[in-house]
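Asker: Checked Swiss-Prot, it gives:
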- 1-25: signal peptide (SIGNAL)
- 26-35: topological domain 'Extracellular' (TOPO_DOM)
- 36-44: transmembrane segment (TRANSMEM)
- 45-76: topological domain 'Periplasmic' (TOPO_DOM)
- 77-85: transmembrane segment (TRANSMEM)
- 86-89: topological domain 'Extracellular' (TOPO_DOM)
- 90-96: transmembrane segment (TRANSMEM)
- 97-142: topological domain 'Periplasmic' (TOPO_DOM)
- 143-157: transmembrane segment (TRANSMEM)
- 158-162: topological domain 'Extracellular' (TOPO_DOM)
- 163-173: transmembrane segment (TRANSMEM)
- 174-221: topological domain 'Periplasmic' (TOPO_DOM)
- 194-217: region 'Disordered' (REGION)
- 222-234: transmembrane segment (TRANSMEM)
- 238-246: transmembrane segment (TRANSMEM)
- 247-261: topological domain 'Periplasmic' (TOPO_DOM)
- 262-270: transmembrane segment (TRANSMEM)
Amino acid sequence: MQPAKNLLFSSLLFSSLLFSSAARAASEDGGRGPYVQADLAYAAERITHDYPKPTGTGKNKISTVSDYFRNIRTHSVHPRVSVGYDFGSWRIAADYARYRKWNNNKYSVSIKELLRNDNSASGVRGHLNIQTQKTEHQENGTFHAVSSLGLSTIYDFDTGSRFKPYIGMRVAYGHVRHQVRSVEQETEIITTYPSNGGGKVSLSSKMPPKSAHHQSNSIRRVGLGVIAGVGFDITPNLTLDTGYRYHNWGRLENTRFKTHEASLGMRYRF
């Protein structure tokens, strides 16, 4: 818990410093007023699972993030809305986004021989019995970056034209939810191979299914990110915005969750 508290304190301190810079810029530039922005973003989501070393201090730590979510590479398209204030060269904004739920299914089968009974002998007509166990394993998992509520400080470069590149920093409070449901079904099969050359005969019997394993967790973290992009002033109050942002959602137990986003949107200044 201590690293999380340190990250939160550092994030708030960093934000206060940036916002104070924006306030000073407002007094110098005269201010330009509030604005709203709507974006459509394409997000590449990266989930990386780290395992503690056998001799490490966290070797006995149980993670609330299932091994099911290991090295996931997925993507989604989602909307984002922002409300902010334009000070001239500096902008501050609060944004909110919801992400698409990631779903995945895994199905595996393993077959193990339990018993082999060879009843054939020299000069005696017999048959061969083989008893096997078939285990079917079905897993259904979801990983959902439910929402991200962020605060950003952005600096616009004045190029003397309608094009204005910008860079910025972002602090965000993210909510991630994930769950796994796992079911196993075992079937015992006895296969008979007649010695007279006839076709084999198989008899199967399903064992009582094991209780389903269900795991569900909800995690909230404060993370940091960077922003870059280019704005094009269509009118003095309307701007076409193309941007990129990288966000590290913070460490979710022994899992790292990061997003790379490219967006296209419109910004209107009042």
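Placed from the backbone N, Cα and C atoms, the Cβ positions cover glycine too.
Can you walk me through where each of these features ends up in the structure?
Answerer: Per-residue pLDDT, averaged over the topological domain 'Extracellular' (158-162), rounds to 89.
Sequence-remote contacts of a segment are chain residues at least 6 beyond its ends whose Cβ falls under 8 Å from one of its Cβ atoms, and for the transmembrane segment (163-173) they are 11-12, 14-15, 18, 91, 148-157, 220-233, 239, 243, 245, 247, 249.
Under DSSP, residues within the topological domain 'Periplasmic' (174-221) fall into helix, strand and coil as 0 helix, 36 strand, 12 coil.
Outside the transmembrane segment (222-234) by six or more residues, the chain places 4, 7-8, 11, 14, 150, 152, 154, 156, 162-174, 240-250, 263, 267 with a CB less than 8 A from a CB of the stretch.
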Asker: Among the recorded stretches 77-85, 90-96, 238-246, which has the greatest number of Cβ pairs closer than 8 Å to the transmembrane segment (262-270)?
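Answerer: Against the transmembrane segment (262-270), the leading stretch is 238-246.
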